[in-house]
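Here is what Swiss-Prot records for this protein:
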MOD_RES   Ser16  phosphoserine
DOMAIN    35-131  domain 'PH'
MOD_RES   Lys44  N6-acetyllysine
ZN_FING   152-212  zinc finger
BINDING   Cys158, Cys161, Cys183, Cys186  Zn(2+) 1 binding site
REGION    221-249  region 'Disordered'
COMPBIAS  221-233  compositional bias 'Polar residues'
COMPBIAS  238-249  compositional bias 'Acidic residues'
MOD_RES   Ser239  phosphoserine
MOD_RES   Ser248  phosphoserine
Amino acid sequence: MVDRLANSEANTRRISIVESCFGAAGQPLTIPGRVLIGEGVLTKLCRKKPKARQFFLFNDILVYGNIVIQKKKYNKQHIIPLENVTIDSIKDEGELRNGWLIKTPTKSFAVYAATATEKSEWMNHINKCVTDLLSKSGKTPSNEHAAVWVPDSEATVCMRCQKAKFTPVNRRHHCRKCGFVVCGPCSEKRFLLPSQSSKPVRICDFCYDLLSTGDMAACQPTRSDSYSQSLKSPLNDASDDDDDDDSSD
């Protein structure tokens, strides 16, 4: 079906509409063989609060952006190659329901659908696209993924020393390896994580010690379904600001 749609006028028109919604700041999306599989609004768990984001699933990439005017204008376009994507379901917990993790070597995050059916459809379509891509390319799924950042609202004290309380002066930072919220003194070191940046990035002392000894796996994040506190803040429907988890800290 995907091959049949690839060169259809309807598919070309749909992709052109998506391009126009992102405007000149967005990347061109029309290439031979690319098919728009589906689209919809998902709640993305950002650093400070959950936010509505518009997602577009193509047969080779996943695109999302901030909603300025629904179905008319989006900005802050992000493009994720599907061949690098792994997804994992998240258990329902309180108000956080119908979620899954989108994991890549450069960035990982949680998203939530409005219904269980919508979640199932998204996950099934993403998995099929990834499987088809890997089958055609002969590549193997990536086993290295960036940490999913723990939302700021889940940590009132440093998650490493368990002592430092966060205040407007004592700021929160995120370890790029484990995703924990940590204080400045517990994250003064930097380490080169090539999949995330060409420059050394901030990591916590715990991960630094493990990485320095070559124990890369020991500091892999384990908190895949613990985001319950983040929905205590209301959903920000006006999503014309940057993703909070794109900040430097």
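Just so it is clear, glycine is given a Cβ too, placed from its N, Cα and C backbone atoms.
Under DSSP, Cys186 (Zn(2+) 1 binding site) is assigned to a helix (H, G or I) in the three-state scheme. Among the binding-site residues Cys158, Cys161, Cys183, Cys186, the residue whose Cβ has the fewest other Cβ atoms within 10 Å is Cys161.
Listed in chain order, the extra residues whose Cβ falls within 8 Å of the Cβ center of the Zn(2+) 1 site residues Cys158, Cys161, Cys183, Cys186 are Val157, Met159, Arg160, Gln162, Lys163, Ala164, Val182, Gly184, Pro185, Ser187, Cys204. Applying DSSP to the domain 'PH' (35-131) sorts its residues as follows: 19 helix, 54 strand, 24 coil. The residue listed as 'N6-acetyllysine' is 25 Å away from Ser16 (phosphoserine) when you measure Cα to Cα. A separation of roughly 28 Å, to the nearest angstrom, links the Cα atoms of Cys186 (Zn(2+) 1 binding site) and Lys44 (N6-acetyllysine).
Model confidence over the zinc finger (152-212) is summarised by a mean pLDDT of 95. Following the DSSP three-state reduction, the secondary structure of Cys161 (Zn(2+) 1 binding site) is coil.
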